[in-house]
């Protein structure tokens, strides 16, 4: 569990800027759809007026490179690490749950002869442990996503921090909102960690690099 805690802490140094950019790119499509709907409603409401309505030109969606430059220019390095605390609260508990759970599940499939578990056992253990850990920390992932979204849609709340965000979600959307996307997240995490563990336990990297294989 301590090793998982340390791994999760180191991980967020790399993953937080990536998560930040991913959320902005996903929000760009959502906000563009909202603007399109509002433009269509404005045209319908303006059909009865004497002056014809003019459709606003479509705003081009930003790229990851453009977002990175804009964030660095306007907010500096700290802009890429917005929501760092929420990311820590998600990834550290995830690693604390995942690694011990995987180790115990994988141990159940170890042959009596003391050899390492078959690759399919490692795959299934990684899938089950990854899914369980993903669902367990999904509330933190929901809060993190809301905090890292820089542009708000119509009637969307603004948040001053992790606790403020969690409180407003609970008040306005109820406890079930903290499990939004848990099913999809589990579907993504399960094969990801299952494949990662199979690659590790098969020793593919050691074979490619000519290093001695370590028995887990």
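Even glycines carry a Cβ here, placed using N, Cα and C.
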Of 166-185, 186-205, the range TrEMBL labels transmembrane segment: 186-205
Averaged pLDDT score, the repeat 'Solcar' (1-108): 80
Residues of the repeat 'Solcar' (1-108) by DSSP state, where helix covers H, G and I: 85 helix, 0 strand, 23 coil
Helix-strand-coil residue split for the repeat 'Solcar' (117-206), DSSP-based: 70 helix, 0 strand, 20 coil
